[in-house]
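Annotated features in TrEMBL:
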type	residues	note
BINDING	Arg65, Ser66, Gly67, Asn78, Thr82, Val83, Asp84	substrate binding site
DOMAIN	18-145	domain 'dUTPase-like'
Amino acid sequence: MSDLEVALVRLDAELPPPAYARPGDAGADLHTTVDVTLKPGERALVPTGIAMALPVGYVGLVHPRSGLAAKHGLSIVNAPGTVDAGYRGEVKVALINLDPTEAIELRRGDRVAQLVIQRVEQARFVEVSQLPDSVRGAGGYGSTGGFANR
Ligand SMILES: O=c1ccn([C@H]2C[C@H](O)[C@@H](COP(=O)(O)OP(=O)(O)OP(=O)(O)O)O2)c(=O)[nH]1
Ligand SMILES: [Mg+2]
């Protein structure tokens, strides 16, 4: 793991900054600053109480947490959310309750998502009249098959 410094402002001084739960973790957990109850199918844009200045060449990806997803159906509408290097506003999470029957009650301070910081390229798009051949060609959307034995 690299030792990347990211300038961070805590907009809510009572809540801890994003933190990696275990050494080597890819995602730093983000907290909701508000209580929110999501009915089945409901979504909410939840503040995390942090703003940052990612270095140019990096992106912050806001991912769901697998435990809350598997146990309660808590996900993120736009998973993974994209935090641009130039963004200086509060990081927010567009949560959604995918459980068909149970509401999800979130309390201020709960860890509702995780931030993965990655290097990223900005491409120079070069328009051409024909693309180079490849083995895959235009095959997609299940062209290699689906479930085993079916
Ligand atoms: O999960 C997310 C996704 C985005 N953002 C913030 C940071 C990001 O830089 C900005 C814009 O995000 P995006 O480009 O995904 O949204 P957009 O709908 O294209 O908005 P814009 O027109 O402002 O780019 O919103 C978050 O705080 N959390
Ligand atoms: Mg955008």
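Please read every residue number as a count from 1 along the shown chain.
Each residue, glycine too, has its Cβ placed from N, Cα and C.
Bear in mind that TrEMBL entries carry predicted annotations, made automatically and left uncurated.
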Worksheet entry | Secondary structure of Gly67 (substrate binding site) (DSSP, helix/strand/coil) | helix
Practice prompt. Give the helix, strand or coil assignment DSSP yields for Asn78 (substrate binding site).
Written response: coil
Practice prompt. Taking the Cβ of Val83 (substrate binding site) as the reference point, list residues of the same chain whose Cβ is under 8 angstroms away and which are at least six residues distant in sequence.
Written response: Met52, Leu54, Val59, Gly60, Leu61, Val62, Val91, Leu115
Worksheet entry | Average pLDDT across the domain 'dUTPase-like' (18-145), rounded to a whole number | 98
Worksheet item: Out of Ser66, Thr82, Val83, which binding-site residues lie by ligand 1, with a C-beta less than 6 Å from some atom of it?
Response: Thr82, Val83
Practice prompt. Give the sequence-ordered list of residues that share a chain with Arg65 (substrate binding site), lie 6 or more positions from it, and have CB atoms under 8 Å from its CB.
Written response: Gly27, Asp29, Leu74, Arg111, Val112, Ala113, Gln114
Discussion item. I want to verify one value. Collapsing DSSP to three states, which class is Val83 (substrate binding site)?
Written reply: strand
